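What TrEMBL says about this protein:
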DOMAIN    60-301  domain 'Threonine/serine exporter-like N-terminal'
DOMAIN    326-452  domain 'Threonine/Serine exporter ThrE'
TRANSMEM  219-240  transmembrane segment
TRANSMEM  246-266  transmembrane segment
TRANSMEM  278-301  transmembrane segment
TRANSMEM  321-340  transmembrane segment
TRANSMEM  345-365  transmembrane segment
TRANSMEM  371-388  transmembrane segment
TRANSMEM  395-417  transmembrane segment
TRANSMEM  429-453  transmembrane segment
Amino acid sequence: MSWEDQPGQERWRRLRRQVNRVWADDDPPTLIHGVPPLDLWDVQRPLPAPDDAEQQRSFDFAHRVGAVMLARGASMDDVEASIRAAALAMGLPSPEVDVTFTSIVVSVRPDEVRPPITSVSVVRQRSDDHSRLADVHQLLIALAGGQLDREAAFARLAEIERRPHPYGDNAVTLARGLLAAAIVTQLGGDWAAAVVVATSAMLTDLVGRWLAGHRVPTFYLNVVGGLVATLAAATTTALGAQSTPALVVAGSIVVLLPGGLLVNGVRDALSGYLVTGAARVFEVLLVVAGLVGGVALGLAVTRAFGVDMSVNPGTLGLDALPVRVASAAVAATAAAITYYTPYRLLPAAALSAAMGMLVLSVVQALGVVGVPAYACAAFVVGISGYVLANAQRALPMMVVVPGILSLLPGLTLYTGLLELSTGEPSAGLLSIVNAGARGLAIAAAVLVAELIGQPVRRRVLRRG
């Protein structure tokens, strides 16, 4: 019996069996799969199989969906799942998808007679843009629910591709300054340090944008960022404008660290995309290397002028809890703006970051310090971000990535660089390794939270 001759209910049961076969756990037990952006059993009303005239356009639609998501910072399993969901919703058979860090190959066989249709695209420029990811996600939800026909889906995707950012350049620059100020406040800095680091972060953003317009590689942008932050901290310290230069530099480092790239790199590696995961982690290392070079150069200059850039380790008790929690919420909101996160997700990002900082402060007060404390906090950010994002039918990364920025090891990394520059190589290397371990622990804890949340959500959906 052909597809057209089958009753309506039998069609949906058959489609559901096809989807379950596609996403069955046929991989070795050690392979961990991430959470697809659209649960494929939600494809309840796929469009009829396209005719010959519409087949190529439907195939191109699925491919373009993946290209937009890859270019805007989605993880590999999110990209692959979105392409499959788009193809199935368009009435095509499940495609074969191969995604790498810079390219996408999609192939689908319309039937057993005709040869497969295959296309390749190369993504040469990538930038984080959560607004476009959210728009594509909502497009897939509407398409899977039968709310759009083919022409409407084509038009909506074209609109998403040319839609401007929800925030202007000036708003993003101000958000970077606010993010840096919130990080310094969270670390115990006063208002003077917050003003200095905000000014430094905004200046760095303007300089970086100008350099990017002249196609200067990202590595050198981060060298400039680290240098500007260190010199700004040293100059204001020498002038007596503020007395915590280490916090100023640490806040600037956190603003420049690629939290989303780190999380997606670890996620891709754990999900079996080893080449892409390694490429993303290597890009993180390049960013950190640029920051290290810029800060080291700045410390060499400040040492020549005799400016004290030492770190005064202080312990923040529970009396500082309200300030730390509020600062984390502000930092997450500002970070979400720099990622062009939709307005509706800003409160969720702030809430998840505040919950993470609350847990971090409590466990530190109980004597749990170092990497385990930050892993616990990141787990809370991950699980709360997963719940809040799914409540609004959004990708969890849109909430989680801004939420974890307050936990990144900016001060620890600066401490290691300072120790290296003052003739303490062993202590400096230990601090840098500790910073790297904390970053990996944060990313891994976020993924553990997502893996725990995924089966729970599936059970709720099935019972509903």
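Positions of Cβ are set from backbone N, Cα and C atoms, glycine also.
Because TrEMBL annotations are produced automatically, they should be read as predictions rather than curated entries.
Among 246-266, 278-301, 321-340, 395-417, 429-453, 278-301 has the largest number of CB pairs under 8 A with the transmembrane segment (219-240). A contact between the transmembrane segment (371-388) and the transmembrane segment (321-340) is absent, since fewer than 3 of their C-beta pairs, 6 or more residues apart, lie under 8 Å. Remark: the transmembrane segment (278-301) makes no contact with the transmembrane segment (321-340), by the rule of 3 or more CB pairs under 8 A. Highlighted: of the candidate stretches 246-266, 321-340, 345-365, 395-417, 395-417 has the greatest count of Cβ pairs under 8 Å to the transmembrane segment (429-453).
Against the transmembrane segment (395-417), stretch 246-266 shows more Cβ pairs under 8 Å than any other of 246-266, 321-340, 345-365. Helix, strand and coil content of the domain 'Threonine/Serine exporter ThrE' (326-452), in residues and according to DSSP, is 108 helix, 0 strand, 19 coil.
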